[in-house]
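Here's the structure, in structure tokens; my notes come after.
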Amino acid sequence: MSRARGFAFALGSVALVSGAQLGMRWSMTRLPAPDQWLPALSAGSVDLAALAVVAAAIAAYALSMLCWLLALRDLPLGRAYSLLSISYALVYLLAASLPLFNEPFTLSKTLGVALVILGVITINSRSAPATSPRNTP
């Protein structure tokens, strides 16, 4: 098991799922409700770029899942799972700082994100045992 490789795959999963969330948000502000996509496509009134971003976001979710599965080969679940919380912070910070999302910074959300990051650091700062009786064949 390689802890560094596990962290790299877990953080890759976080980056992909965060990008997918932002892409979905951007797209859904430019598209009709999903049940109206087919009628809108027939009428030629769908933003094809937004639809392409939805497709790319779905692909990013699939790649994120692959990275997650690879991360789980190298990291204990309790440690790896905490890393997923970084996506909440990342999505909030990017959505609030990029003007195209028009999301506000708020004190309560920012404090919540700080607590999440502090929790991730706390969980991952202790060194984990290399193996445990449950992990050995």
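Start at 1 and count along the chain as shown; that gives each residue its number.
Each Cβ is built from the backbone N, Cα and C atoms, and glycine gets one as well.
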Task: With reference to Swiss-Prot, specify whether Pro32 and Ser127 are located on the same side of the membrane.
output: no
- prompt: What same-chain residues lie close to the topological domain 'Periplasmic' (27-49): Cβ under 8 Å, and 6 or more beyond its ends?
  reply: 57
Query: For the transmembrane segment (6-26), what are the same-chain contacts with Cβ under 8 Å, counting residues 6+ beyond its ends?
result: 50, 53-54, 56-58, 60-61, 63-65, 67-68, 70-75, 80, 83-84, 86-87, 90-91, 94-95, 98, 100-101
- prompt: the topological domain 'Cytoplasmic' (124-137): mean pLDDT?
  reply: 60
- prompt: If you run through the topological domain 'Periplasmic' (27-49) with DSSP, how many residues end up as helix, strand and coil?
  reply: 14 helix, 0 strand, 9 coil
